[in-house]
Amino acid sequence: MDGDVAVGVKRGSDELNMYGSSPNSMTANGSDSKKQRLDESPPSRVLHIRKLPSEVSETEVIALGLPFGKVTNILMLKGKNQAFLELGTEEAAITMVNYYTAVTPQVRNTPVFIQYSNHKELKTDSALNQRAQAVLQAVSAVQDGSSPSSDPGVLDLAPPPSPVLRIIIDNMFYPVTLDVLQQIFSKFGTVMKIITFTKNNQFQALLQFSDPVNAQQAKLSLDGQNIYNSCCTLRIDFSKLVNLNVKYNNDKSRDYTRPDLPTGDGESTNKDHSLLGKYISFSALCDSELFLSLCFPGAISPLSAAAAAAAAAGRVALSGSGVSGVLCEQTFAGVYGDVQRVKILYNKKDSALIQLSDGNQAQLAMSHLNGQKVFGKVMRVTLSKHQTVALPREGLDDQLLTKDFSGSPLHRFKKPGSKNFQNIFPPSATLHLSNIRDGVGEEDLRLLFSNSGGTVKAFKFFQDRKMALIQMSSVEEAIQALMDLHNYDMGGNHHLKVSFSKSTI
């Protein structure tokens, strides 16, 4: 294959994202004369890959091309440490070459060379290339969203279990920011959410793609790669969580689908409240009926209201004080009854009316919630003189301040004789968790609840591991966690159920 023209970039560094490297230091395969040949070479959808490590697998070679489009054929020449990769279109091959001209391609921490081939199509003998073809078939099945049909002994490439990756940074000699991670991983698909944290003195992150296949492609391509020269090595695995719950947009966490989230420092990232109500989630925690008058001494600021909405709606927060308060009150009362309607008072937006299904539920909610501290304020709960909450006429200013939850599927007490009636307890620092998905461990749940803004003091699984107790550092933190994570989507049709517990750990 001497006629193949090199287009890869040879650099002494092994940086993944061009950080810490001067553009003037880069050369094309080590000489200006070869760079001139690059510019004159005709593109082809068949690429020639050289200088591969001797122990390289077919999967690792295919992973080089996955981010750029469908890989349609592969030929391994292991005796020569070379391979040929055919992409679905010439445009995909050009994109791949252009990308690896700026970013050194690596396999097992070894720089490799990628160049256009003189061949326009890769013709292989399937009998002699059987293993590579089996791997390609399995990868293609995953890309297409079907089940791989190859021999499981040939390739361990099951459909990706989650769109969430857990990332650990080894040898972290330089800072790695949330923005750096977003820039690196967005090459493989839409990055929706990122949460960064430190555990066991190691910088770690959870990163959620819009599609599990994108997560698998990123893992295949980036695991073991260095972000900076000889340091900041990416260790990547799938998380058992399938959805991240981001409360704030700041330098520690980011929800790219929710630019309106507050920063957590007293400022909202989006002060435009004209979209109020568009983001209402009826998967918030509760729903209830008869009436309560709920009062927060002191007005709720737009930030507090947005934070309340984020907590109450689980991942779908609202801008503005009115609707967020609706979901906040609904969330609290729903622990003790089935909320039917909630109304924020138009001229007194620090107060609300909540209609529950009967007077007993209203009395129960009042006795347990009055005096509790939420978002730094003491909540006052009294019975209202009103018997129902009327829905406003369409087009009125207060339309967004009233919501009907009567049809919510999340009512806890709609079934007569439900065991939920036997598990009604006052707010406490210990929470009872149920409907935990198989495979989700203590570490996953501790991380999930820590991200709600509190500190996990203790944890205990029940014997069947479908239920657990988790203890927060205060009752206020437990209330916040319950609003945040009740009905949290754990994947596999499992939604986490959270309630207050009378037990301690």
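Any Cβ shown, glycine's included, is placed from N, Cα and C.
Remember, TrEMBL labels are computer predictions, not curated facts.
A quick note: this is a predicted structure, and the numbers were derived from the prediction, not measured.
Here TrEMBL flags 1-42 as region 'Disordered'. TrEMBL lists 19-31 with the feature compositional bias 'Polar residues'. Taken from TrEMBL, the feature compositional bias 'Basic and acidic residues' covers 32-42. The domain 'RRM' annotation in TrEMBL covers 45-129, 165-241, 329-386, 429-503.
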Tell me, roughly as an integer, the mean pLDDT over the domain 'RRM' (45-129).
85
Tally Cβ pairs under 8 Å between the domain 'RRM' (45-129) and each listed stretch (165-241, 329-386, 429-503), then give the stretch with the top tally.
165-241
In the domain 'RRM' (45-129), how many residues does DSSP call helix, how many strand, and how many coil?
27 helix, 26 strand, 32 coil
